[in-house]
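**Student:** Before I ask anything, here is the structure I am working with.
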Protein chains: 2
Amino acid sequence: MNLSNQRVKDVGEQGLLKILKRYCPQEIVGDDAAVLSIREGRCLVVTTDVLVDGVHFSDRTTAPEDVGWRAVAANLSDLAAMGADALGITVGLALPGEVAVNWVERVYQGMNDCLQKYDSVIYGGDVCRSSVMTVSITALGEVMPERVIRRNMAQPGDAIVITGYHGCSRGGLELLLQPEKGAHLTPQGREGLIQAHQRPNPRLDVLAPLWEVSNGRVGGMDSSDGLADAIVQICEVSGVGAYLEYDKIPIAPQLKLLGSFEEILDWVLYGGEDFELVLSLPYESAEALVKRLGEGAAIIGEIISSKTIELLDSQGVYPKRVLSLSAGFQHF
Amino acid sequence: MNLSNQRVKDVGEQGLLKILKRYCPQEIVGDDAAVLSIREGRCLVVTTDVLVDGVHFSDRTTAPEDVGWRAVAANLSDLAAMGADALGITVGLALPGEVAVNWVERVYQGMNDCLQKYDSVIYGGDVCRSSVMTVSITALGEVMPERVIRRNMAQPGDAIVITGYHGCSRGGLELLLQPEKGAHLTPQGREGLIQAHQRPNPRLDVLAPLWEVSNGRVGGMDSSDGLADAIVQICEVSGVGAYLEYDKIPIAPQLKLLGSFEEILDWVLYGGEDFELVLSLPYESAEALVKRLGEGAAIIGEIISSKTIELLDSQGVYPKRVLSLSAGFQHF
């Protein structure tokens, strides 16, 4: 095949990112955000996300406040994934002239609602005309150099920690698309899942307890593209593997009522947009962290030197599964 | 009229920006970029630009390397306009799956060509699917707090300095659209104008000589949206006016050959995308700066307390013109 004739859709998002990384300094790419030294004892962390109407949100099914909240949450989650506290964001907005000014204001209101929760602000941005609404956010954060969390820092013997439930955002989406599926849920259970989808919380709150229980190496990233994706990415760049255990992955009680075990497990592993952190750290710190975080947080497995990534059942009820990145190859 | 029914096209780019500024901290919006204190003696400067295929560039008439160069140049120009040196950029790319990977790589190559000239790099970014190609760039820079250049710092009695010729980018575009118009030009003259359009140079190089000749207040911005636009914006936010003189505005010799005086003057005032700086500072520093910068740089007028902005002819040949922002109300 002639490489020069390749289209973006032939190489996919991951393939294109790999090619474009050649144009960036090698020491600062490959994580959720770039880390820049700005002064003795402090690094600046910067991350960019682009959201497109009809791909990442729809102004027909999502309230504008929620579009804004989720866009900000995704970016702040990338900062949390690097161990960084949020400073602020810039917003680049491309939109058709037909869009109501009020719609745009409500998006900004949702952005500010999320930012205020984390003592953060909008620094400014740009607006321009386009036939497709596109929201591009760049978030800035700050971290001490010894507290940067990187994907490539997992080591065999590490515990794999998740900071909360997975699959709830996907469950909330299901309830929005097919409300009748929630017939068995309490109103609070239903609302909880819908909130998980519409108003996800980036886990910047995890950083303080994390550094209270750990003073050493912590690897990891966020689970915005799914729990399985995060584990596969961490293992790939760290040159390691992992095993997970079925019965150690916590599943939110209300989520279990939404479908078969197989269906729910698929949402938990591949649903995405839960914006939890997936961390790799020594067992002692991991256990102390999970205790601090409470419900939904858990040690779900261990990093191993063999490069396989498997989901096992010590009870022998469920079949062994091998996790892979294939589900992530879908953005084009 | 019911405000809640307003569309984006009803309020225009400036109107929408004014509304959205309400959602940002008041002390950091209103300039080419936001300025953040990060440490004793240093401020971080951050700016975002969104470019849309068919609005800001066309992959049918512009080489991909030039799309990349110009996108970076526009952002670095915003940094220069704040007095800041460039650190690096992030790139958010939304594009159709049908786009050739090679096209994207050539855009990145053009970005890096421009960045390298200013010791700057791509920090990373995001790619995603969209039906419309959109390039969103966020640039980071650094400046000492006492050297921040702001739009609202013009004072009556200041000289108004431009750092180079205006209208050349517009002239280059004309030559690309109607090559026959360049029949009277030398090959170098033609190439110079086309380069001004395809490979504009952000004036980061002006900052060192500027601070060699000035140790006080400097106001201003860049002329990316046109020379007239820059002067009107500076006057509006500084609460002042200005007079300019026809025969003090330098016009590039090769540009004069492209049309009538009226047509060329229109390009000089409203053409845009020359990415020069328009500065407001005391006469003594202004004169020393112009001498350092050489050809194309000039003192073109003076800031006055009366809030009118007029273009005058001391020879009495050309009629008085009043400058206004109306030509800028076109982005939606």
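A Cβ is built for glycine as well, from the same backbone N, Cα and C atoms used for every other residue.
OK, TrEMBL features for this one:
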type    : residues                                         : note
BINDING : B:Asp32, B:Thr47, B:Asp78                        : Mg(2+) 4 binding site
BINDING : B:Asp32, B:Asp78, B:Asp222                       : Mg(2+) 3 binding site
BINDING : B:Thr48, B:Asp49, B:Asp126                       : Mg(2+) 1 binding site
BINDING : B:Asp49, B:Asp78                                 : Mg(2+) 2 binding site
BINDING : B:His56, B:Glu273, B:Phe329                      : substrate binding site
BINDING : B:Tyr108, B:Gly125, B:Asp126, B:Arg151, B:Ser224 : ATP binding site
BINDING : B:Asp225                                         : Mg(2+) 5 binding site
DOMAIN  : B:30-143                                         : domain 'PurM-like N-terminal'
DOMAIN  : B:155-311                                        : domain 'PurM-like C-terminal'
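Situate these features within the shown structure.
**Tutor:** The Cβ of B:Asp78 (Mg(2+) 4 binding site) lies under 8 Å from the Cβ of B:Asp32, B:Ala33, B:Thr47, B:Asp49, B:Ala139, B:Asp222, B:Ser224, each of which sits 6+ residues away along the same chain.
Classification of B:Asp32 (Mg(2+) 4 binding site) by DSSP places it in coil, neither helical nor stranded. There are 23 other CB atoms within 10 A of the CB of B:Asp32 (Mg(2+) 4 binding site), with all protein chains counted.
DSSP assigns B:Thr48 (Mg(2+) 1 binding site) to a strand. Annotation for B:Thr48 (Mg(2+) 1 binding site): spatial neighbours B:Asn75, B:Ser136, B:Ile137, B:Thr138, B:Ala139, criterion Cβ-Cβ under 8 Å with sequence separation of six or more.
Within the same chain, no residue at least 6 positions away in sequence has its Cβ under 8 Å from that of B:His56 (substrate binding site). Look at B:His56 (substrate binding site): DSSP puts it in coil.
B:Asp225 (Mg(2+) 5 binding site) falls within neither a helix nor a strand when secondary structure is assigned with DSSP, and so counts as coil.
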**Student:** In three-state terms from DSSP, label B:Tyr108 (ATP binding site) for me.
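**Tutor:** DSSP call for B:Tyr108 (ATP binding site): helix.
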**Student:** Taking the Cβ of B:Arg151 (ATP binding site) as centre, how many other Cβ atoms lie within 10 Å?
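**Tutor:** Around the Cβ of B:Arg151 (ATP binding site), 22 other Cβ atoms lie within 10 Å.
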**Student:** Identify all same-chain residues not among B:Asp32, B:Asp78, B:Asp222 whose C-beta atom falls within 8 angstroms of the centroid of the Mg(2+) 3 site's C-beta atoms; report them in sequence order.
**Tutor:** B:Asp31, B:Ala33, B:Thr47, B:Ser77, B:Leu79, B:Ala80, B:Ala81, B:Met82, B:Met221, B:Ser224
**Student:** By the criterion CB under 8 A from chain A, which of the binding-site residues B:Asp78, B:Asp126, B:Asp222 would you report?
**Tutor:** B:Asp126
**Student:** Using a 10 Å cut-off, grab the number of neighbouring Cβ atoms around the Cβ of B:Gly125 (ATP binding site), all chains included.
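**Tutor:** Here the count is 27.
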**Student:** Quick one: Cα separation, B:Asp225 (Mg(2+) 5 binding site) versus B:Arg151 (ATP binding site), in Å?
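**Tutor:** Cα-Cα, rounded: 14 Å.
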